[in-house]
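This report refers to the structure that appears directly beneath it.
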């Protein structure tokens, strides 16, 4: 009888214990955007395969190691994964508060790279700061830093941006100053991407259409003036208009790219069988990786890659809409900015390879060889994952509840800060 009673009590204890979860779900498995992760992995995997294929000849010639560039790209991908995980673990509120610090760091980096002995010059452009085995491309980090700054500014001064010209011009002036230093490197392509991305973010924030068109016109006129006054850029433009007029000099790179794309046909010549990568097409594993892909995988590969990038941008916009619906405007603007940036840069790179845009020297995100680009883009993906995580149903409710308690505790104790209109730096904050 006592044994039966003891057995019954033991069963009751087990039932009560089983009603409670024994293992708590870890942060990294709860609320992650699986679609975004799969898109990034797919693009990155194709990129690694194509870097190995496009660089094998030049790597063997320069280093006697056929997969030298692939190994370095794998190291960059590993560092990018670490960066994405670290950024994913940081709450968005800290990024929102650090906008002015990141703007100051952007100015510091674009100035530092121009100091003789600090910046590294390759092919006439001083864009890199050597750090150990890596060459840090300043413009890649600046892109992400400036997007975080602009997203925070649009939240703090959104009404001013939508109602006054001065509110719209303040961040554009800051971005313009950074781009001026980038043009001194020179890095015209990065300047175009940054300006167009920021303009897209401000347009989505609700800036007046007439003001937006006026700034676009001003920006376009300035870009045209820079091209006309620079013999190097003017030569690139004329080569773009008719590359076959000088196929062995100014139009050589573009004509070789077009030959590669035309040779691919519907299904391509086969993976690893490209002819143009055999020292015909310059920068085959970096800026013109897409041309090698088109030659080896054909139209099928081209459509696949373009579809993946389209889906990636669309997913970033979906995350932005989700952030907007949960009341996090900073996360929404930042997601839109990242989506515009990745989509625009991919569009420009593919357009250059196909001969519909002048040569810009921009990489294909997540695919082209380049450590700085891969690490920074991976970090931006980590931000998108964090935004999606914080705006998931459970996390959004917890964040709103916490924010409500803080507002109640601080009611009546906050004071309006006086603004100094004459201080541009303070106004830009």
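Positions of Cβ are set from backbone N, Cα and C atoms, glycine also.
All TrEMBL annotations are machine predictions without curation.
According to TrEMBL:
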TRANSMEM  35-58  transmembrane segment
TRANSMEM  70-88  transmembrane segment
TRANSMEM  100-119  transmembrane segment
TRANSMEM  131-155  transmembrane segment
TRANSMEM  167-184  transmembrane segment
TRANSMEM  190-207  transmembrane segment
TRANSMEM  212-232  transmembrane segment
TRANSMEM  297-318  transmembrane segment
TRANSMEM  330-348  transmembrane segment
TRANSMEM  368-389  transmembrane segment
REGION    394-429  region 'Disordered'
COMPBIAS  397-418  compositional bias 'Basic residues'
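Remark: the transmembrane segment (368-389) makes no contact with the transmembrane segment (212-232), by the rule of 3 or more CB pairs under 8 A. In this chain, the transmembrane segment (297-318) lies out of contact with the transmembrane segment (190-207); the count of Cβ pairs under 8 Å, excluding pairs fewer than 6 apart in sequence, is fewer than 3. If you count C-beta pairs under 8 angstroms between the transmembrane segment (35-58) and each of 70-88, 167-184, 297-318, 330-348, the highest count goes to 297-318. Long-range contacts of the transmembrane segment (330-348) within the same chain: residues 92, 95-96, 143, 147-148, 150-152, 154-155, 189, 192-193, 196-198, 200-201, 204-205, 309-310, 312-313, 315-317, 319-321, 323-324, 357, 360, 362-365, 377, 380, 383-384, 387, 390-391, each at least 6 residues beyond the stretch ends and with a Cβ under 8 Å from a Cβ of the stretch.
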